[in-house]
Amino acid sequence: MDNLAAIILAAGKGTRMKSGIVKVMHPLAGAPMVAWPVAVARQAGAGRIVAVVGHQAERLREHFSNDADITLAVQEEQLGTGHAVACAAGDLSGFSGKVLILCGDVPLIRTETLRAMVTAHEATGAVLTVLTARQENPHGYGRIIRGFDGRVIRIVEEKDATPDERSRTEVNAGIYCAEASFLFDAVKRIGNDNAQGEYYLTDIITMANDRGLRCTAHPVADPVEVMGINDRVQLAEAARHARRRIAEEHMLNGVTLVDPAATYIDQGVVIGADTTIQPGVQIAGGCRVGEGCTIEAGAIIKGSELGDRCVVESRAVIRGCRLGSDVVIKAGTVMEDSTVMDHAAIGPMAHLRPGSELGAHVKIGNFVETKKIVMGEGSKASHLTYLGDATIGRNVNVGCGTITCNYDGVNKHRTVIGDDVFVGSDVQFVAPVTIGSNTLIAAGTTVTRDVPADSLAIARTPQINKEGWKLRKRDQ
């Protein structure tokens with residue numbers, strides 16, 4: 001919307017976090033805390049967003065570097081919320097619409113709440129609308145003081161409040177909708193004659209009333225939406241609420257979560273209908289999970305894409321991978337930055353290291369490790385094997401104990417194996433070496449030279465049987 005802008009207050013250090021990371025950059029369900037109100041402002045229709053930053057401004061600048069609709073205004077000294085808004089005024093010079101003011105450490109506000117507040121603001125003709133909440137324990141919040149007609153006449157901060165004012169339970173949520181023309185004129189006139197010596201944004205309410213302008217309150221239905229985060233205890237509580245919200249959205253879209261409270265799904269994850277997720281699962285980093293999948297207990301999936309009808313068994317770890325449809329990842333398998341095509345089966349207890357590209361119907365069995373390999377359709381390595389820096393064709397059988405010897409102490413070398421090759425057990429390929437198609441590599445062979453197609457390669461010490469040797473040895 002061209003007539004709606006947003007200011008995100010994100011300049012504070014967050015001393016109570018006891019951290020070297022500025023408060024608003026602490027992660028909450030997969031995204032920095034400050035990213036939540038930014039996303040909600042966008043969804044509410046804000047066409048221009050100004051984030052007021054201070055401590056570790058460069059960290060925030062880097063995070064928002066690809067967001068064309070976000071401008072950063074620097075508040076060199078944190079002199080209060082009124083001063084912060086004044087710092088943003090220059091970036092909205094000439095703007096004449098409505099301005100949402102949000103807090104970077106109040107991440108759980110809903111889009112629907114902001115839209116409703118903007119609608120109410122327009123309907124009442126107010127110059128300022130304050131989002132308020134009823135709190136059983138209002139300690140630390142500014143109290144809402146209403147006039148006889150229900151309008152907001154002022155907000156009193158906790159440290160400046162009288163005992164009677166502190167007894168009130170309607171509090172300021174720190175979120176506002178204001179007319180730009182009024183807002184930017186008013187913040188220039190704010191003083192700092194208060195217990196904190198700060199420039200309170202709430203002082204503009206008194207200014208509006210003194211001019212006969214309307215200030216209204218818009219109550220939020222759920223106080224959780226406006227909970228602020230000041231320490232790691234509150235961060236954990238907010239994360240619990242965020243995960244519940246995320247879980248409910250997925251369940252309403254046809255996903256089965258066996259135990260939602262024990263399932264950890266980050267913001268932005270996409271999961272198809274009829275997928276079932278068991279307890280203890282973590283899905284993070286912008287994952288996409290297809291329809292009809294089963295994710296068993298304790299699995300971890302990060303930054304990956306899974307096709308339809310995949311099965312990820314217990315305690316599997318998948319990071320940065322792309323899986324086709326009908327893939328089975330068995331228990332205890334670890335996969336990193338790899339691609340697995342349709343109908344493949346991996347594990348149990350396999351390790352796919354970065355650069356593994358496995359074709360359709362491939363089988364990688366227990367205690368097999370791969371790295372930087374391309375493996376063709378229908379090939380299999382069923383157990384106890386290392387395949388690194390290799391290109392393996394279609395329908396290849398790799399026997400137990402096979403190793404590609406890819407490192408000579410200085411450089412890595414590749415092994416190339418053609419289609420329809422049978423590799424017996426306990427074979428070593430000393431790279432660089434090329435194996436032609438339709439060959440058989442006998443068990444126990446150490447391959448040091450290329451093998452032509454349609455051949456048998458065998459390289460082992462001849463067997464010698466010394467009859468009676470054991471008896472003679474015993475009698476000595």
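Along the chain as shown, the residues are counted starting at 1.
Keep in mind that glycine also has a Cβ here, set from the backbone N, Cα and C atoms.
Swiss-Prot annotates Asn406, Tyr407, Ser425, Arg460 as acetyl-CoA-binding residues; of Ala381, Ala443, the candidate listed for that same site is Ala443. With respect to their backbone Cα atoms, Tyr407 (acetyl-CoA binding site) and Tyr386 (UDP-N-acetyl-alpha-D-glucosamine binding site) stand 12 Å from each other.
The region 'Linker' (233-253): residue composition by secondary structure is 20 helix, 0 strand, 1 coil, according to DSSP. Taken over all pairs of the listed acetyl-CoA-binding residues (Asn406, Tyr407, Ser425, Ala443, Arg460), the Cα spread reaches a maximum of 22 Å, rounded to the nearest whole number. A simple way to gauge crowding: the CB of Asn406 (acetyl-CoA binding site) has 22 other CB atoms within 10 angstroms, across all the protein chains here.
Here the Cα atom of Ala11 (UDP-N-acetyl-alpha-D-glucosamine binding site) is found 55 Å from that of His383 (active site, proton acceptor).
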